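Trainee: Please see the structure below; I have some questions.
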């Protein structure tokens, strides 16, 4: 993937940044693509760095992701909760699966979606192979993970655990307004006047 470069004028001349480094200077983190361990390590490092720089300023995470690894996503969420800085989450495009959990885990009152974004909640995906006992162990772990994710979504949205169990039984797509009504986000960011 080609990453654009931004040229800035400084007192010492010109300075070139890749676009993500430039956004990081403004305390903006981009969470895009599949949630995996490599992405999680990068996001966590950025969160820790920005919090160490100034824990009184908000950090914004823009989310456009189909989801991915539950353990990687929970590591990001735990770090969001661990740091002192408030974390603003903004869905743009798609916040699906684990990405919807991260969207809802932003600081209450600071969870947003752009008007045409989509939020998807569902049960975790998994598979198992091997001997019967190994399949049973894997199935129990998937059920435990589903219960944990539904409890997190219930806590973040204000919905009951039972409602989350029912609503995540199958893919549940939501518009930005539906995600707001459900409690996954606090508001919809409207277009700035031109």
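Each position is counted from 1, following the chain as shown.
Heads up, the Cβ atoms here are built off N, Cα and C, so glycines get one too.
Quick paste of what Swiss-Prot says about this protein:
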ACT_SITE  97  active site, nucleophile
ACT_SITE  122  active site
Trainee: List the same-chain residues at least 6 positions away in sequence whose Cβ sits under 8 Å from the Cβ of the residue listed as 'active site', in sequence order, or say none.
Mentor: 97, 168, 170, 171, 172
Trainee: Could you check what DSSP calls residue 97 (active site, nucleophile) once collapsed to helix, strand or coil?
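Mentor: Where residue 97 (active site, nucleophile) sits, the three-state DSSP reduction gives coil.
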Trainee: Around the residue listed as 'active site, nucleophile', how many other C-beta atoms are within 10 angstroms of its C-beta?
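Mentor: Summing over all protein chains shown, the residue listed as 'active site, nucleophile' has 27 other Cβ atoms within 10 Å.
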